[in-house]
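Pulled from Swiss-Prot:
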type: TRANSMEM; residues: 24-44; note: transmembrane segment
type: TRANSMEM; residues: 55-75; note: transmembrane segment
type: TRANSMEM; residues: 99-119; note: transmembrane segment
Amino acid sequence: MINPNPKRSDEPVFWGLFGAGGMWGAIVAPVMVLLVGILLPLGLAPADAFSYERVLAFAQSFIGRAFIFLMIVLPLWCGLHRIHHAMHDLKIHVPNGKWVFYGLAAILSVITLVGVLFI
């Protein structure tokens with residue numbers, strides 16, 4: 001018989017954050033590494049485009065703060081989701097693993113939000 005009151009799963013929320021973090025890490029993060037780690041040090045990017053004043057103005061704008069927040073938080077959720085499922089696959093039992101890994105991701109997300117908003 002079909003259960004008339006099925007238990008709702010919270011897994012789609014975590015899979016959504018995992019997918020968003022993986023996509024961000026695959027598309028946006030390599031561009032930032034190329035730009036900040038290769039093009040700027042080699043002098044291949046216009047120097048005035050990435051002056052301290054312009055970068056600071058961007059980082060203090062709403063869009064800049066959102067970008068910095070997403071640059072930190074989405075890969076964080078992706079990584080902790082991967083670690084959570086890797087522990088399961090390796091048959092390493094972490095007591096309350098869902099609370100440990102997703103709770104850590106949530107706590108670090110709040111810390112990042114506070115840091116991005118107030119610093």
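Yeah, the Cβs are placed from backbone N, Cα and C, and that goes for glycine too.
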Do any residues of this chain, six or more beyond the ends of the transmembrane segment (55-75), have a C-beta under 8 angstroms from a C-beta of it, and if so which?
17, 20-21, 24-25, 28-29, 32, 108-109, 112-113, 116-117
Restricting to the same chain and to residues at least six past its boundaries, which positions have a Cβ under 8 Å from a Cβ of the transmembrane segment (99-119)?
14, 17, 65, 68-69, 72-73, 76-77, 80-81, 83-84
